[in-house]
Amino acid sequence: MSQKLPPLKIYTSQLPLVSHKNMLENEEEASHSQLFTPCPVPPSFPKASKPNSNQPYPNGPVCIYPPNIYLYAKPTMPIIQSFDVVINVAKEVLHPFRTDGRHYRDSKHNLDIQVFDHIEYVHIHWDHDTQFALELDKLVSFVAYNAMQLNKKVLINCQMGISRSACLMIAFIMKTLNLNVSDAYEYVKERSPWIGPNMSLIFQLSEYQQIIRKNSSQGPYQSSSLKQSKRKSEGNLLFPEKPHSAQLPLVSPSTSESSMFTNLRRTRSSGSISNDAS
């Protein structure tokens, strides 16, 4: 009645080798993925791709000088529309508007301005070999005038936000906070770790440092825009409570940065900058 079945042959060479350790690791990964899911991106902004070494600024513009001076790579139209003033220092990057807007000459700063609705757009045709040291002062003054006196939100950009726009931002910090090239570089690098101007651009910043020192032989160097801002109301104009435009939701200054700049205000009024602030 009963029939013997042939013995079952198992060829272990055909089975995947799974150790007890690997099984535990797989279980951990599965449970981790269930517990920790990425936060959804707000619907008003496009989803950013995964950050990698080739993509700086994965979360949008970074505020370098609170509350209203930002650094970024080539901006999209929605990002541009979040600002009042855009300074593009990349020769190869064109504006995304469908028309050329309205043009006027800013005789105060010797710059050509394009106006699109409420946005003032300045295109500076720098490439990586441009000798721009002599141009920096008028651009720094323009940034200071718009951000500090007119309380406008300012974006400085180039193609990647790494070299040319970083140089203009470093130059602004040099003159505004009375820092040398090295300290100003570290100041910007701390807030935007992607920056990395080449040595040719760093040498031009060193040249600009000499220009600043030469022009400041009579006292601390600051642009006329900064001096006028201080004379009016240093606290309200340099660090206004209400920006000219709505805050950019992508990146907002942290509470720690706000408190740090409160200390900077106090140290500037006393004529010195502490090591912690730089």
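Cβ atoms here come from the backbone N, Cα and C positions, even for glycine.
According to Swiss-Prot:
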ACT_SITE  Cys158  active site, phosphocysteine intermediate
COMPBIAS  252-278  compositional bias 'Polar residues'
DOMAIN    60-214  domain 'Tyrosine-protein phosphatase'
REGION    217-278  region 'Disordered'
Model confidence over the domain 'Tyrosine-protein phosphatase' (60-214), averaged pLDDT: 96
Mapped DSSP class for the residue listed as 'active site, phosphocysteine intermediate', helix or strand or coil: coil
